[in-house]
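**Student:** This structure is in structure tokens; I'll ask about it shortly.
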Amino acid sequence: MTLTPLPAFDDNYLWLLDNGREALVVDPGDAAPVAAALDARGLTLAGILLTHHHGDHVGGVNALRDRLQGPIYAPAREQMPEPVQRVQGGDAVTLLGLRFSVLDVPGHTAGHIAYFAEVPGADPLLFCGDTLFSAGCGRLFEGTPTQMHASLQSLAALPLQTRVCCAHEYTLSNLRFAREVDPANPALTTYAAWCEAERAAGRPTLPARVGTERQINPFLRCAEPALRESARRHAPLKLPAVPSPVDVFATLREWKNGFR
Ligand SMILES: [Zn+2]
Ligand SMILES: [Zn+2]
């Protein structure tokens, strides 16, 4: 199985997974890079996985239909380019011989879903759309901090070696915020140096790993004393003496919205 991030727009990755003959693509916001990759490698498009309704994730779906030889799976509770097969948390779908578990991860949008699969002979795969980014997380356009925190915790509970296929290359800008709010974290310093080298060499920082994200992503670390203290220093009047992880999450998310 080959996993390829196809760059699109300014900072999107359209994830292509193939077995040398057939491929699936996740969130094809633009059809052109997908069609070019399929043609260049002589691959059949065997299926499409969609995580949420934003245009940069579904905009290329209709243009790929004429070459598609399989299903389009999409979240049950979001507006989608019809027809699609609707799925939700607890469902499982099979593509390329892999069984993908569907996870409900509301927060960025109200009906956002993610897909997780064990891969024989390789590390597991997570396609999480705009929920979890390396060193960051999606903005709360439709959901509450409580929902998003729970969604992120469910992703953080996946196997540590899971390859996290995020939909945007936001890592370096996320790391600037992460180092601001978690300055004494040595894992963050090491990871930032690696990511800077990757980007300088023109390579993606993704896929990320669940194990690494648990060490460096402030939005997965809201129960840690260091993050709690940062949140309290930032919003001393808003937060109780011992803020809950959701309080910390909400404070960090709002703080990052205005962080440059
Ligand atoms: Zn989005
Ligand atoms: Zn997006």
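Cβ coordinates are placed from backbone N, Cα and C, and glycine is handled just like the others.
Values in this document were obtained by computation on a predicted structure and should not be read as measured data.
What TrEMBL lists as Zn(2+) 1 binding site is H52, H54, H108, D130. The Zn(2+) 2 binding site annotation in TrEMBL covers D56, H57, D130, H168. If you look up TrEMBL, you'll see 11-168 marked as domain 'Metallo-beta-lactamase'.
If you look at the structure here, what lies around each of the features I listed?
**Tutor:** For H52 (Zn(2+) 1 binding site), the same-chain residues lying six or more positions away in sequence with a CB closer than 8 A to its CB are P75, E78, H108, T109, G111, H112, I113, G129, D130.
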**Student:** Which binding-site residues from the set H54, D56, H168 come near ligand 1, judged by a Cβ under 6 Å from any of its atoms?
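**Tutor:** Going through H54, D56, H168 in sequence order, those close to ligand 1 turn out to be H54.
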**Student:** If you draw a 10 Å sphere around the Cβ of H57 (Zn(2+) 2 binding site), how many other Cβ atoms fall inside it, taking every protein chain shown into account?
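**Tutor:** By my count, 22.
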**Student:** Which chain neighbours of the Zn(2+) 2 site, leaving out D56, H57, D130, H168, have a Cβ atom within 8 Å of the mean position of the site's Cβ atoms?
**Tutor:** N12, D27, G29, H52, H54, G129, A167
**Student:** Using the CB centroid of H52, H54, H108, D130 as the Zn(2+) 1 site centre, which other residues of the same chain sit with their CB within 8 A?
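**Tutor:** Residues close to the Zn(2+) 1 site, other than H52, H54, H108, D130: T51, H53, H57, T109, H112, G129, T131, G138, F141, A167.
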**Student:** When a 10 Å sphere is centred on the Cβ of H108 (Zn(2+) 1 binding site), how many other Cβ atoms does it contain?
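**Tutor:** Other Cβ atoms found within 10 Å: 24.
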